[in-house]
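> According to TrEMBL:
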- 41-61: transmembrane segment (TRANSMEM)
- 68-88: transmembrane segment (TRANSMEM)
- 100-118: transmembrane segment (TRANSMEM)
- 138-158: transmembrane segment (TRANSMEM)
- 164-183: transmembrane segment (TRANSMEM)
Amino acid sequence: MGFFDEQVGVKVPQVTIYFWIIKVLATTVGETFADFLNGNIGLGLGGTSGVMLAILLASLAGQMKLDYYFAPLYWFVIVAISTVGTLLSDNLTDNLNVPLAMTTPIFSALLAIVFYSWYHVEKNLSIHSIFTRRREAWYWLAVLVSFALGTSAGDLIAEKLDVGYGNSLVLFAGCIAIVGWLWHFQGG
C-alpha cells in the first residue's frame with residue numbers, strides 16, 4: 001500500500017458554526033499577513049507568493065504526513081492555503097493583466113474539473129470520508145482552487161461591477177445561507 005492509499009483517521013474538523021467562524025478568521029489572518037509581506041516588508045507580489053508557497057508546501061507536507069486530525073496544523077494550513085489561493089488570483093490579475101472577468105470563469109471551470117476528477121477517482125466527495133491521503137490531497141486541491149475562485153469572484157463583484165465590499169459580503173453570505181438551508185432541509 002502506497003503513501004496516498006494508506007488508511008488514516010478522518011483529518012478534517014466537524015463542520016459547525018465554529019468551523020465557519022474560525023475559517024473566516026483564519027482566512028483574514030492569512031490575507032493580512034500576505035499584505036504585510038507584500039507592502040510593509042517590501043517583498044512585492046512575487047516575493048510574497050514565493051514565501052507563502054514555501055510555507056504552504058512545508059505545512060501541507062506535515063499535515064499529509066499525520067494520520068489523525070491535529071487542529072493547530074490543520075488551521076495553519078488553512079491560513080497558508082487561503083493566502084496562496086488569493087495570491088494565485090492576484091498574480092494573474094496584477095502581474096499578468098488577466099481580467100477578473102476571465103479569472104473567475106477559469107477558476108470556476110478548474111474547480112468543476114477538480115470535483116469531477118475527485119469524484120471520478122474516489123466515487124465520493126464527502127469530507128467525512130477523507131481517510132486516505134489521496135482523498136486528502138483532492139480536498140486540499142479543491143480548497144486551494146476555491147480560495148482562488150473566491151478572490152476572483154469577490155474582486156469582480158466588489159470592484160469591477162462596483163457593488164462594493166459591504167454589499168458583496170451580504171450577497172455572498174446570502175448565497176452561502178441559501179446553500180446551507182437547502183443542505184439542512186434536504187437531510188444533510
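Glycine is no exception: its Cβ is also placed from the backbone N, Cα and C atoms.
TrEMBL labels come from automatic prediction, so no person has curated them.
Locate each feature and note its surroundings.
Taking Cβ pairs closer than 8 Å, the transmembrane segment (100-118) reaches residues 89, 92-93, 125, 135, 138, 141-142, 145-146, 148-149, 152-153, 155-156, 159-160 in its own chain, all 6 or more past its ends.
Long-range contacts of the transmembrane segment (164-183) within the same chain: residues 154, 157-158, each at least 6 residues beyond the stretch ends and with a Cβ under 8 Å from a Cβ of the stretch.
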> Where else in the chain does the transmembrane segment (68-88) make close Cβ contacts, counting only residues six or more beyond its ends and a cut-off under 8 Å?
8-13, 22-23, 26-27, 29-31, 33-34, 45, 48-49, 52-53, 55-56, 59-60, 62, 140, 143-148, 150-151
> Other than its close neighbours in sequence, what residues sit by the transmembrane segment (138-158), given a CB gap under 8 Å and a spacing of at least six beyond its ends?
12, 27, 60, 63, 77-78, 81-82, 84-86, 88-90, 92-93, 100-101, 103-104, 106-108, 110-111, 114-115, 117-118, 121-122, 127, 130, 164-165, 167-168, 171-172
